[in-house]
Amino acid sequence: MTKEMQTLALVPQGSLEAYIRAANAYPMLTAEEERELAERLHYQGDLDAAKQLILSHLRFVAHIARNYSGYGLPQADLIQEGNIGLMKAVRRFNPEVGVRLVSFAVHWIKAEIHEYVLRNWRIVKVATTKAQRKLFFNLRKTKQRLGWFNQDEVELVARELGVTSKDVREMESRMAAQDMTFDPTPDDEARDGQSMAPVLYLQDKSSDFAEGIEEDNWESNAADKLAYALEGLDERSQHIIRARWLDDDNKSTLQELADQYGVSAERVRQLEKNAMKKLKMAIEA
């Protein structure tokens, strides 16, 4: 697939509202039109046919991505990841199977979004507000010396960092939460059927996955490992992670960072993905 088509399909440019309006403006295909385009791609390698198939299904990706709101992840990034899944589905779609592309593509779209959420939610939910980010980068040093805080220590830390006692307690709890596997485990099934596996939460708007993790409150040193791993990244990767997830409330978009570094948005996405992979490996080590 051409670079131009990848840019158009993968990276929502400008405002999200404008992107969604543009996606909805592309006409939906009839079954006959879809099959003709799919045959041109499948048998002739027609990239223009692939482009038309992708553009006509962008609205579907945006609709699916909305079901994964509530994780502190940018909606544009969720759509971008879903679009990657759509492109994979289009590349693998066989018109002779006898199903519509939308039915075939839904698995690929959701799989990419699932992977993205699970790769990033932990880092986002540890520090989602400015006060929590301040705590995240300072609290671990105090905890290494004192361990779990009593109430007097909580109040002391709160005064020193200029936050509330509630903020300190919440961050202490978040820093103790450990990561989860995607699918239910035998241990989950043994706990009165109350599984915390993300596969049961990701697309359920009535459930707050992060809140469930915090309530379960499994102790872990994941936050310490994350902070140390951040220090081990190169300067550009550190800046990308902080600008995208950990800095001020106005998080940078892929395009903004691309303009800053003089590279493509796709290149920034690759750097971000590699940095996230290193952080995840450090957390799981």
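Start at 1 and count along the chain as shown; that gives each residue its number.
Just so you know, glycine gets a Cβ as well, placed from its N, Cα and C.
What Swiss-Prot records for 53-122 is region 'Sigma-70 factor domain-2'.
Residues annotated as motif 'Interaction with polymerase core subunit RpoC' in Swiss-Prot: 77-80. Beyond the motif 'Interaction with polymerase core subunit RpoC' (77-80), the same-chain residues lying 6 or more positions past its ends with a Cβ under 8 Å from any Cβ of the stretch are 10-12, 16, 19, 61-62, 65, 68-69, 113, 116-117, 254, 269.
The region 'Sigma-70 factor domain-4' feature in Swiss-Prot is assigned to 229-281. Applying DSSP to the region 'Sigma-70 factor domain-4' (229-281) sorts its residues as follows: 41 helix, 0 strand, 12 coil.
In the predicted model, the DNA-binding region (254-273) has a mean pLDDT of 91. According to Swiss-Prot, the feature DNA-binding region maps to 254-273, an assignment based on sequence analysis.
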Checked against DSSP, the composition of the motif 'Interaction with polymerase core subunit RpoC' (77-80) is 4 helix, 0 strand, 0 coil
Helix, strand and coil residue totals from DSSP for the region 'Sigma-70 factor domain-2' (53-122) stand at 55 helix, 0 strand, 15 coil
